[in-house]
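Q: Questions regarding the structure given below will be posed in turn.
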Amino acid sequence: MAAASGYTDLREKLKSMTSRDNYKAGSREAAAAAAAAVAAAAAAAAAAEPYPVSGAKRKYQEDSDPERSDYEEQQLQKEEEARKVKSGIRQMRLFSQDECAKIEARIDEVVSRAEKGLYNEHTVDRAPLRNKYFFGEGYTYGAQLQKRGPGQERLYPPGDVDEIPEWVHQLVIQKLVEHRVIPEGFVNSAVINDYQPGGCIVSHVDPIHIFERPIVSVSFFSDSALCFGCKFQFKPIRVSEPVLSLPVRRGSVTVLSGYAADEITHCIRPQDIKERRAVIILRKTRLDAPRLETKSLSSSVLPPSYASDRLSGNNRDPALKPKRSHRKADPDAAHRPRILEMDKEENRRSVLLPTHRRRGSFSSENYWRKSYESSEDCSEAAGSPARKVKMRRH
């Protein structure tokens, strides 16, 4: 059988079969090595060029990189500014619930006395959903000035506002001195801001030429938030996202200095006043702060020394225009920007329009109606016949 198959010996047949198996195994190993080499080359090519086939994907990635870097840069800038703001803020919880209740009862007494007219004229400043009560020192701001803008604020003459109530010294200032928040004798100006739900105050910086730093405030009645770096837009009212929103709890003390007090604005947003809230602001006026020296600014007859009294240092004090609102606010008043405190549109109109057209005195519609009626009365009294006036359309 071995001879028929061409092999003379069975050992020769086995030997020939072994060599063939070795050849097949060697072929498989070579193929595997070749496949591994191809895979390695493909991986190297992929690492050198992430998208070797589709150029559109690579182009999209290149285009999106600058956008992502700009966004990241803006976020870094915002975080850096927020860090600067935080560096100028100190907060502490000093007043217990019982102490808050005592102080809040005193604030209610201030409101009651103001409603009875027991304070000086410049002590009380009313606005829809927000009343301010100045003690010790008061100053002009916002629509009260003929020339508006930073640096135009002036202190009232001494005695034009009431003295700081004794309870503010005993219940508030003394506790701050004991905890070394402020030094003894630092405070000579106390302002109580009383907010109703939806009330607000637009972004501002406390006048640097009027007040020393730090600025100390104590919150009562409810929790709220103090926002930094917001931009207000009116009609309809909108408020941009703040650089930093600082929670302000009932009974907490907030101290502003440095960047937080001088380099960025702060505000109270309408959405952050959900319940009645009051804040007592304690400050010290600068020795060189400009001051109004005359006590009868609205009088038509002025003393001969008025011109010299108007001067405070090298600054001439602008005439005051009393523009206070005594209207009671309805619940929707916060959404009517025309009556908000320091309304920019109102300020612009009062500067551009002539005196008889300004809304602070009376509406233009009522003015022209009254003028027309008075002219008719005069013509009838004089006995002159009525004239027909042809109105020209423009």
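If you go along the chain as it appears here, the first residue is 1 and each next one adds 1.
Backbone N, Cα and C atoms are what each Cβ position is placed from, and that goes for glycine too.
Keep in mind that this is a model prediction, so the values were computed, not measured.
In case it's useful when we look at the structure, here is the feature table from Swiss-Prot:
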type	residues	note
REGION	1-26	region 'Disordered'
MOD_RES	Ala2	N-acetylalanine
REGION	48-83	region 'Disordered'
MOD_RES	Ser64	phosphoserine
COILED	67-116	coiled coil
MOD_RES	Ser69	phosphoserine
MOD_RES	Tyr71	phosphotyrosine
MOD_RES	Ser87	phosphoserine
MOD_RES	Lys132	N6-acetyllysine
MOD_RES	Lys235	N6-acetyllysine
REGION	299-394	region 'Disordered'
MOD_RES	Ser325	phosphoserine
CROSSLNK	Lys328	SUMO2 cross-link
MOD_RES	Arg359	omega-N-methylarginine
MOD_RES	Ser361	phosphoserine
MOD_RES	Ser371	phosphoserine
MOD_RES	Ser384	phosphoserine
Q: Measuring Cα to Cα, how many angstrom lie between Ser87 (phosphoserine) and Lys132 (N6-acetyllysine)?
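A: That comes out at 29 Å between the alpha carbons.
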Q: Which number gives the other C-beta atoms within 10 angstroms of the C-beta of Ser87 (phosphoserine), all protein chains shown included?
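A: Summing over all protein chains shown, Ser87 (phosphoserine) has 11 other Cβ atoms within 10 Å.
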Q: Report the nearest neighbour of Lys132 (N6-acetyllysine) in space among the modified residues Ser69, Tyr71, Lys235, comparing Cα positions.
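A: In terms of Cα distance, Lys132 (N6-acetyllysine) lies closest to Lys235.
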Q: Restricting to the coiled coil (67-116), what is the model's mean pLDDT?
A: 95
Q: Cα distance, the residue listed as 'phosphotyrosine' to Lys235 (N6-acetyllysine), nearest Å?
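A: About 30 Å separates the two Cα atoms.
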Q: Please work out which residue of Lys132, Lys235 has the most C-beta neighbours within 10 angstroms of its C-beta, and give that one of the modified residues.
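A: Of the modified residues Lys132, Lys235, the highest Cβ count within 10 Å belongs to Lys132.
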Q: Return the count of C-beta atoms lying within 10 angstroms of the C-beta of Ser69 (phosphoserine), excluding that atom itself.
A: 10
